[in-house]
């Protein structure tokens, strides 16, 4: 498959397999994370030819950005990378609140620039809507930052269909991020078609449905993290999903490939999806994700896989 793509209407050229860096410094998301292991993940990504790194303030409340900034500075490769980060969260009296105000987002971008040790951010997303600030106004704030050269492209994440249209009222939106995988296909109803029509690049998160599409789980698998609260990992739904994954596994075996690679390769055949950003907690997982680029799916295989998960 094509190794690189331009993200939608932007001038950002990315390798189609990026790196979702929530396990780099994301101590508030995962137990027992080690900063040096996190930095090794970034180094492994760079060594593997990854040029698209996705992070956010909420990943360790800025720690992920700091660790990425340290490695990028150490390697001297800033100009070769596309770095995406996100903002909207703030700490207030020990709790996390959302803020999309102009003053807050401008301040957050400045803080992200410092943490990442850079003078520009390639792609900046509003991570979540705050439910108060008009979304066209939020997009306008990012347009100001783009015009000033602080960010190169405008992104938004976690919007419903109406919110997506509101954010893009002036046509400023360039990249949109939402949950999408073979297991979770709600985006196909309205979000993906809208992005395709508008020339907006769609970046799916949870592309492996939080590991469900790796084929490594059984009915006896016990989850002790956020997955235990997700419906797709519970009761009959979980068993039903495992049966579908078994069918996907059979397709992968025919192609002498891993189940996860086939699931990711399927995503890269979808309209508007220029790149994906699977996460990893260990360097070997990250190296493994890169093997997806070796998978070629025929049209019949793409349709067969789609039908399994209808």
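Cβ from N, Cα, C; glycine included.
Per Swiss-Prot, the features are:
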ACT_SITE  59  active site, proton donor
BINDING   206, 207, 208, 209, 210, 211, 212, 213, 214, 215, 216  NADP(+) binding site
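Nearest to residue 59 (active site, proton donor) in space, judged by Cα atoms and limited to the binding-site residues 206, 208, 212, is 206. Here the binding-site residues are 208, 212, and the one whose Cβ sees the fewest other Cβ atoms within 10 Å is 208. Taken residue by residue with DSSP, residue 214 (NADP(+) binding site) is part of a helix. Counted within 10 Å of its Cβ, the other Cβ atoms near residue 210 (NADP(+) binding site) come to 20, all protein chains included. Other Cβ atoms within 10 Å of the Cβ of residue 214 (NADP(+) binding site) number 18 in total over all chains. Minimal Cβ crowding within 10 Å, among the recorded positions 59, 206, is found at 206.
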